[in-house]
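What TrEMBL records for this protein:
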DOMAIN    127-263  domain 'Thioredoxin'
Amino acid sequence: RITRDAKKSRWFEFPDLQGAADLPQLTLMLDPTASDFHNVYNVSIQVAESFSSEKLAVVLLRADFASALKSFKIKAGEIPTVVIVNWTNGIGQRPYQLYLHSQGEPGRLTVPELQGFGQMFLRGEVTQWFRSAPVVDDPVQHDSKSGALEIVGSQFQRLVIDDQKDVLVMFFAPWCGFSKRMQPRIDELARRTQQFYRYFAVLKIDDTRNDVDHPVMMRLTGYPFLAFFPAGKKAAAEQIRVDGRLLGDSEAWLQEAMTKLQPLATHSISLMSADAADGEQGLLTDAEERQEEF
């Protein structure tokens, strides 16, 4: 194994990242049981030493740190993964920016490959990596009577940031029990506010499969996470907290949600009755309104 000069090298092994906090980090997520692990370990040290005078650190992250992989939304089957992480709000804080070198390509983990990638990043020639699941629901055809529209990362800018209306978004994780309990409440909220669709939308997104780069993500510490994006001030999105103890009582949860939303809404909104939501006559359907928009 190659030894390193701690005074010259910007090489770090997770979780000991002292000294790397203010630097973008070329991060190698590796399987410590892989046959080439020690070779790539040595490669990472050599690469770090080549960048000792640059604003770039090299971090080795062993794949048995499962919680770290989960925070990066990396699955075990995608190892080895190499990215540059730009911690704009401090290590471990969202939102962060990722720049992908490779996934599942051990043959590319060489000194020249990684040096070249690091140099391209420092020159500003690498595009940020945004992950997006396949589209779940067609926004043109979706009707709020069926619940909240589920969006994916590639739709976030258009349907949340660029849309000229208030938008409430639930960020969820499919494996999270609280997310599963809140889903029917969010769907009911979408149904019971459908008459205000020109001014107010209720959406949901699987945060484990989609990337969203927005300052409000700094507040996401667990699931589900509700964020309100006001019309005309989308950069000033706010977290919405509704008492989780009310999830077992649909009406109580909805009423508290509305008390949090109404002061923030740019247009007056209220809940229609459940019966009216299921059988409202005389309104354009959500799908018809979207046809007009698009």
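Note that Cβ sites are derived from N, Cα and C of the backbone, with glycine treated the same way.
Counting residues of the domain 'Thioredoxin' (127-263) by DSSP class, helix then strand then coil, yields 54 helix, 25 strand, 58 coil. Mean pLDDT for the domain 'Thioredoxin' (127-263) in the predicted structure: 95.
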